[in-house]
């Protein structure tokens, strides 16, 4: 798509060759000419010898910038630090944005961590240690501590000087935060505000207040929603006494949105789609508990069918259409689940309107079931020359679909009520439970209508 | 979460009351004090009379700013223009960001559109007409035309003057694009670059080149991926002769990412989770073709079971466990589908490694199947006092799961090969097809082992 991308592969080959031939200067020139994202893409493809040379040819600052852009899982990236001389690793860590460094260091051995941080300036090391304590997937865990802060009694002129001074280190200079004593967050303004006002205007006359902010323990999904709704480029993070302790940038939020959507998808699919182990033994092992659990749950269908075994023995046509009913109900139930789980995740609706959703889904189930049931009754009746069987089958299909739809709404709603994230309800669970309800409904109906059917 | 949010509900009540009581000044004060996102949230809750008053109390510019933040579907928003005096509507449209206005106007009647645009300054009206031609979900359809452009022979000082002048209109001033004759895109620099360099430096010495850009017809999902990978705040859009025609901002991209993830989720679930009609008749109607289609496809299971009806008549225990096998295989197949579809959507892997994925999925299927099959064989054997039946069931389960996993990979891969987006393969399709393969495998095995089983 992009011109500069066309020769990605050639460039990678060329850069690897320069490392192999130990051409330090030519390597630096070619490599540093790339965007850090491209540098990172090449870096993760290098072998150990090539990486060792790269650490020799590049400064910790250059490697730190590039490490900010690595997209591998942090548990894999942490291994690279182990390959570097300790002092060099410490310097790379110091040069990285704190949030990125912390993500990775969360996976370091405690002993390694101490040794790296020994080579990081005291203040930054303390900051990293502090951030390592924030719970995963909270604002604290994804925030960055490199922001621009000024005070309300400054003028636009002096504020611009602060911005210029911080421009090289801060992750964003486009939002400027106004703080008072002890770092209390007081106001915010944008670089745009600074540029469009006279140099002598006081910040206190210009700043926006109150500031929209998030607490350090806020869930990252909520933070993402706020940034998305308000079209912010960054959002300040405060401690419990309103002290400004960091900011969350929109690029970190994009990763969060991706992560959360992959989680929803994985939850519904009943399998972690992002981190499927390449090794089939490990993949099988990770799916086995769930598969066995559902198999055991599915035993209930066997119990029900065995219970009605005598009926089937008398008339084996009864069994021909059972798979169709279960399949159709299972499909309908997973559709309902998808709609309900999404609605609950987005939390746009209050419980009142969720009640409406449940009602609507059951109605929709009855209607789809009615139409499908009619078609089914005609097919089955015509095929088996038994329109009463067709009627029973159609009725069973209709009730099975409506029940499945009800299950698809009620299960995630019930879990949500008791505080369990509704996005972890896999379609397979609803399909399996609806298999059970479908066989019960079908054979129950058969038994009721039996005296007229034979 | 946010202090300023606590009294959202009270504020909305208060603002509505001010409209009802026709207190124009108090209304303006309270309403315009809110963030545009909050203004929009209240606006969509107003009734027709209240809206008519709001148009009287607010300037087109104020309404235009607020309309930029409305999150309703564009086909619903377009109706608001019809409520306004024509000239007022034209002015609101003119004040909105072009991309947002175009999104909505795409749903206007051609005649209404002409009348609105009659009140929009010529140049802007032409721009809107032009943008209305870009295909949905391409870079052209989501780009904004409000950007800052300078030329390479300017100095930092004069560039900053341009930025200050454009600051009120441009959607972002943080990226500045360098153009040459006929708007050809030549370079890019950030506001950060301008602020950290001396006033007399020439832009040509400072700008980054070549510029990463996207073509106007590029798929929005690709644009999102680029912005995400490179952590850009915006990306320029060029015509086929490299003329700069717009930019795409990160906040538009967040909406795209959300939209695309909802599409993937909907595709897999087989139901549009974002736009489920509230009316159960319409919901049922939209799901019916798909439900009936799968029901007809599921008929194949009935054909297979009927084919083996004599076997079941002889020994009805054969049928007891069939639902469990179908259920387990269906679940495994949809898991495979989720993994494969996600892999194809992310396009990180080339076909070679997708071949590996298929192999790994089949192996994982055989392993999960083997373990489940063993458990199943023991349960069924112990329960029915027939370990040979248990063995056949276990074997059938293993092969059914492996087959379902293979289907889950091959179907999306095959569709992807012939150019169909693999994210539209619903789990229900794989589940239904795997139901058919499962009954065939099961009864096929029963027939083979029959002579020893009775």
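Here the Cβ of each residue, glycine as well, is placed from N, Cα and C on the backbone.
TrEMBL does not curate its annotations; it predicts them automatically.
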Exercise. Which residue range, B:252-273, B:362-383, is the one TrEMBL calls transmembrane segment?
Worked result: B:362-383
For this session: Please spell out the DSSP helix, strand and coil residue counts for the domain 'CBS' (B:207-263).
Result: 25 helix, 16 strand, 16 coil
Problem set entry | Same-chain residues at least 6 beyond the ends of the transmembrane segment (B:389-415) whose Cβ lies under 8 Å from its Cβ atoms | 317-318, 321, 324-326, 328-330, 332-341, 344, 354, 357-358, 361-362, 364-366, 368-370, 372-374, 376-382, 421-422, 424-425, 429-430, 433-434, 437-438, 441-442, 445-446, 449, 453
Problem set entry | Counts of helix, strand and coil residues, the domain 'CBS' (B:143-206), according to DSSP | 23 helix, 19 strand, 22 coil
Exercise. Hey, which bits of the same chain come close to the transmembrane segment (B:427-450), Cβ under 8 Å, at least six residues off its ends?
Worked result: 268-270, 290, 294, 297-298, 300-301, 304-305, 307-308, 311, 318, 322, 325-326, 329-334, 336-338, 388, 391-393, 395-396, 399-400, 403-404, 407-408, 411
Problem set entry | For the transmembrane segment (B:292-312), sequence-distant contacts whose Cβ falls under 8 Å of one of its Cβ atoms, 6 or more beyond its ends | 318-319, 322, 326, 428-429, 432-433, 435-436, 439-440, 443, 446-447, 450
